[in-house]
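**Q** So Swiss-Prot has the following annotated:
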- C46, C49, C53, C81: [4Fe-4S] cluster binding site (BINDING)
- K83, Q150, N175, C179, 212-219, 243-247, 262-264, M372, Q376, N482, 508-509, K531, D558, 718-727, N802, K819: Mo-bis(molybdopterin guanine dinucleotide) binding site (BINDING)
- F794: substrate binding site (BINDING)
- 39-95: domain '4Fe-4S Mo/W bis-MGD-type' (DOMAIN)
- 1-31: signal peptide (SIGNAL)
Amino acid sequence: MKLSRRSFMKANAVAAAAAAAGLSVPGVARAVVGQQEAIKWDKAPCRFCGTGCGVLVGTQQGRVVACQGDPDAPVNRGLNCIKGYFLPKIMYGKDRLTQPMLRMKDGSYHKDGEFTPVSWEQAFDVMEEKFKTSLKEKGPEAIGMFGSGQWTIWEGYAAAKLFKAGFRSNNIDPNARHCMASAVVGFMRTFGMDEPMGCYDDIEQADAFVLWGSNMAEMHPILWSRITNRRLSDPNVKVAVLSTFQHRSFELADNGIVFTPQSDLVILNYIANYIIQNNAVNQDFFTKHVNLRKGATDIGYGLRPTHPLEKAAKNPGSDASEPMSFDEYKAFVAEYTLDKTAEMTGVPKDQLEQLAQLYADPNKRVISYWTMGFNQHTRGVWANNLVYNLHLLTGKISQPGCGPFSLTGQPSACGTAREVGTFSHRLPADMVVTNEKHRDICEKHWQIPAGTIPAKVGLHAVAQDRALKDGKLNVYWVMCNNNMQAGPNINEDRMPGWRDPRNFIIVSDPYPTVSALSADLILPTAMWVEKEGAYGNAERRTQFWRQQIKAPGEAKSDLWQLVQFSRRFKTEEVWPEALLSQKPELRGKTLYDVLFATPAVSKFPLSELKEDQLNDESRELGFYLQKGLFEEYAWFGRGHGHDLAPFDDYHNARGLRWPVVEGKETQWRYSEGNDPYVKAGEGYKFYGKPDGKAVIFALPFEPAAESPDNEYDLWLSTGRVLEHWHTGSMTRRVPELHRAFPEAVVFIHPLDAKARDLRRGDKVKVSSRRGEVISIVETRGRNRPPQGLVYMPFFDAAQLVNNLTLDATDPLSKETDFKKCAVKLAKV
């Protein structure tokens with residue numbers, strides 16, 4: 001391959017930048033630079049985590065052949081992590097699904113049949129029959145959908161509209177329930193609005209970074225490279241990392257803290273106490289902008305009502321709170337002394353004091369980052385509320401370099417799962433199904449009869465598993481996730497429901513995942529740039545991309561599947577007469593007609609697409625579907641602090657952070673001069689709350705749902721590794737990533753291994769009260785658990801670690817605690 005001088009310099013610049021950030025550049029990234037003239041390039045956000053890195057996608061002869069970091073992308077500035085560099089290869093696994101597959105026996109569907117190729121017509125015929133039978137016999141509560149924070153914005157919007165307005169079922173929930181639900185409820189309780197008030201620009205202006213249950217070095221490596229650059233360029237910048245085990249982020253930490261599982265609640269209250277005792281409360285900010293409330297306690301663990309822990313709880317699932325005075329709050333946190341905190345957490349006193357001093361120092365700009373360590377927690381909402389307390393006490397919020405920041409793990413957990421409202425209790429723009437006014441807004445905008453959207457909250461993720469097992473949920477459509485592997489307590493609740501002959505399970509996926517192979521019908525799905533899409537990242541940045549290639553075989557996008565399936569239902573088959581009588585003109589029409597082919601959605605003509613621009617869905621329907629859906633959806637947030645820009649602006653930008661008002665994005669919300677919704681003279685206004693004030697909550701320590709005992713004597717924490725994303729359904733099909741980390745291992749302290757006669761490399765049986773897996777002992781390497789705890793990643797389909805985990809959830813957010821259950825080890 002011949003390189004021009006310009007191409008050679010560009011290739012070396014990429015390599016040098018990556019090396020400076022501690023990132024590697026694989027050969028595929030270097031090789032593409034010299035082929036620029038032969039390759040067509042276009043922009044897209046990365047397919048993986050919630051960071052939202054921009055990439056340039058190279059296509060040639062109908063295939064993605066190359067990928068490189070987009071130097072014009074403000075998030076990553078031309079860099080990619082190791083997964084981002086291998087994006088092209090996720091598309092072309094040898095077992096890519098290209099046609100629908102139905103379990104069949106003797107020529108027809110059978111629950112115990114073999115997967116057999118069928119046409120889309122046949123697949124939809126079976127789905128139609130199953131949906132209509134369940135709707136007729138049991139009603140809307142008998143059908144459900146489990147979606148994704150990887151859906152594009154219009155896919156999630158179409159799914160929510162089809163289920164909540166079309167089928168009149170709120171039994172739709174995203175896999176973001178497993179990762180971001182606690183953050184959502186935490187934001188709503190404290191601020192009355194979802195999502196962070198800051199942005200990634202804070203990194204270059206902060207004086208201190210505190211990571212709470214977040215291994216950014218591996219899970220958000222591009223952001224970590226920016227933090228690393230900030231830390232190494234200024235000796236006064238400090239980094240504190242808190243976790244239940246040591247990991248790669250500890251390598252940069254000035255204060256690396258390993259605490260006893262669940263005791264982060266104690267540390268948070270101790271810091272609040274320290275701030276008050278050392279007169280570090282920002283009195284002016286606190287007096288003007290904060291209210292105090294005492295939350296209900298002893299709220300249970302989100303288990304079945306028959307579980308002993310739920311029976312014993314005084315206030316199961318209670319979100320109640322009552323006003324309290326500052327003196328009462330001061331007395332409440334005063335119980336969390338330094339001595340008590342050190343004893344309960346196992347953290348040395350000097351480390352606790354150093355941490356508290358970062359927050360208390362009025363001259364230090366502090367950012368708190370967290371991910372699953374906080375959120376996947378039976379008191380995850382409380383943990384979110386308690387870290388907000390620290391920033392509200394000190395006024396370190398909504399200003400450059402200051403603020404609490406919940407990081408997301410999926411590319412559109414914010415943009416789709418949260419903003420669109422694909423949760424079982426939500427509607428677009430932070431509205432909820434239980435609020436009559438909110439339902440009325442949606443019904444009028446969608447031009448459907450009043451009362452169409454049910455007022456009852458639907459089944460959340462774990463409740464869906466239980467309802468399937470109990471035979472109450474009978475038709476279940478899973479899209480863009482691998483929950484059979486990723487969800488908790490596989491043996492006891494999920495697998496029995498999926499294989500119950502009363503139930504029919506559909507999985508839409510590009511690959512034969514554990515979930516797909518456990519289903520009754522598999523629908524082959526288009527991936528990433530095989531469709532036009534939009535994601536919303538962790539800093540409220542909405543990013544668009546165009547379809548750049550066609551999907552293989554008969555694979556279709558989730559959007560196509562939803563819209564085309566809606567044609568199978570007439571309004572009379574899904575809506576009662578009481579609704580139809582309000583709008584008799586809708587009789588005889590299909591759900592496609594009343595939801596997706598409406599004047600509002602279909603008004604943008606195909607002429608808005610360039611002649612050679614791929615867009616399979618729109619060209620098949622005859623109008624610009626994605627634009628119609630987006631503009632209809634964006635209406636909900638405009639003028640209400642969730643403003644999205646006009647559709648076309650996003651194709652011309654590297655993303656925009658909402659609220660976007662008069663063409664200008666917002667970096668810092670709630671503060672005067674930064675947020676267009678805060679008027680001159682107001683200083684700060686937390687306008688999600690009626691009085692414009694945020695809330696500090698008094699919430700205590702409460703123990704985990706399950707702790708080690710004499711038989712199951714070790715804590716188990718689960719999570720990810722750098723090389724693989726979630727269940728590995730994409731990354732394990734990339735040979736280089738698979739070789740880098742080919743199978744899951746059990747990270748264990750050397751002394752715990754020695755006490756059990758285990759050595760590095762030994763096979764070991766890991767058992768809990770719910771199941772067991774066989775794994776490999778690892779006493780060295782990147783993760784270093786303390787004695788009494790083991791860590792396992794969940795990417796390996798041959799080691800289903802979620803056979804072990806407990807389906808306990810935060811009672812407020814319904815998010816599963818994947819970080820704490822009890823296990824034992826035995827040599828194999």
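Glycine is treated like the rest: Cβ placed from N, Cα and C.
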**Q** Other residues near the [4Fe-4S] cluster site, CB within 8 A of the CB centroid of C46, C49, C53, C81?
**A** F48, T51, G52, N76, N80, K83, G84, P221, I222
**Q** Are there any residues in the same chain, six or more apart in sequence, whose C-beta is under 8 angstroms from the C-beta of H726 (Mo-bis(molybdopterin guanine dinucleotide) binding site), and if so which?
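**A** Result: G409, N482, A486, R720, F794, F795.
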**Q** Counting only residues 6+ away in sequence within the same chain, which have a CB under 8 Å from the CB of V721 (Mo-bis(molybdopterin guanine dinucleotide) binding site)?
**A** E218, F741, R782, P793, F795
**Q** Counting other Cβ atoms within 10 Å of each residue's Cβ, which of the binding-site residues K83, K531 comes out lowest?
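**A** Among the binding-site residues K83, K531, the sparsest Cβ neighbourhood within 10 Å belongs to K83.
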**Q** Can you tell me the three-state DSSP label for Q246 (Mo-bis(molybdopterin guanine dinucleotide) binding site)?
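**A** It is in a strand.
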**Q** Helix, strand or coil for C53 ([4Fe-4S] cluster binding site)? Use DSSP.
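**A** Its secondary structure by DSSP: coil.
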**Q** Can you grab the distance from K83 (Mo-bis(molybdopterin guanine dinucleotide) binding site) over to C49 ([4Fe-4S] cluster binding site)? Cα atoms, rounded to a whole Å.
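**A** With the alpha carbons as reference points, the distance is 10 Å.
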**Q** Of the binding-site residues listed here (G213, Q246, M372, K531), which is spatially closest to C49 ([4Fe-4S] cluster binding site) when Cα positions are compared?
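**A** Nearest by Cα distance to C49 ([4Fe-4S] cluster binding site): M372.
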**Q** Averaging the per-residue pLDDT over the domain '4Fe-4S Mo/W bis-MGD-type' (39-95), what integer do you get?
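**A** Across the residues of the domain '4Fe-4S Mo/W bis-MGD-type' (39-95) the model's pLDDT averages 96 on the 0 to 100 scale.
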**Q** Can you grab the distance from Q246 (Mo-bis(molybdopterin guanine dinucleotide) binding site) over to C81 ([4Fe-4S] cluster binding site)? Cα atoms, rounded to a whole Å.
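**A** Between the alpha carbons of Q246 (Mo-bis(molybdopterin guanine dinucleotide) binding site) and C81 ([4Fe-4S] cluster binding site) there are 21 Å.
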**Q** According to DSSP, which kind of secondary structure is F794 (substrate binding site) found in, if we only use helix, strand and coil?
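**A** SS state of F794 (substrate binding site) = coil.
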**Q** May I have the DSSP-based helix, strand and coil counts for the residues of the domain '4Fe-4S Mo/W bis-MGD-type' (39-95)?
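**A** Reading the DSSP string over the domain '4Fe-4S Mo/W bis-MGD-type' (39-95) gives 9 helix, 20 strand, 28 coil.
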**Q** Neighbour count, 10 Å Cβ-Cβ cut-off, for E218 (Mo-bis(molybdopterin guanine dinucleotide) binding site): what number do you get?
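**A** If we count other Cβ atoms within 10 Å of E218 (Mo-bis(molybdopterin guanine dinucleotide) binding site), we arrive at 20.
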**Q** When you measure from the Cβ of C81 ([4Fe-4S] cluster binding site), how many other Cβ atoms are you left with inside 10 Å?
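**A** If we count other Cβ atoms within 10 Å of C81 ([4Fe-4S] cluster binding site), we arrive at 28.
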**Q** For a quick check of packing: other C-beta atoms within 10 Å of the C-beta of G213 (Mo-bis(molybdopterin guanine dinucleotide) binding site), how many?
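**A** Neighbour count, Cβ to Cβ under the 10 Å cut-off: 24.
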**Q** What whole-number Å value do you get for the CA-CA distance of K531 (Mo-bis(molybdopterin guanine dinucleotide) binding site) and C46 ([4Fe-4S] cluster binding site)?
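**A** Cα of K531 (Mo-bis(molybdopterin guanine dinucleotide) binding site) to Cα of C46 ([4Fe-4S] cluster binding site) measures 14 Å after rounding.
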**Q** Can you tell me the CA-to-CA distance separating C46 ([4Fe-4S] cluster binding site) and G213 (Mo-bis(molybdopterin guanine dinucleotide) binding site), as a whole number of Å?
**A** 24
**Q** Counting across all protein chains shown, how many other Cβ atoms sit within 10 Å of the Cβ of C46 ([4Fe-4S] cluster binding site)?
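**A** Other Cβ atoms found within 10 Å: 28.
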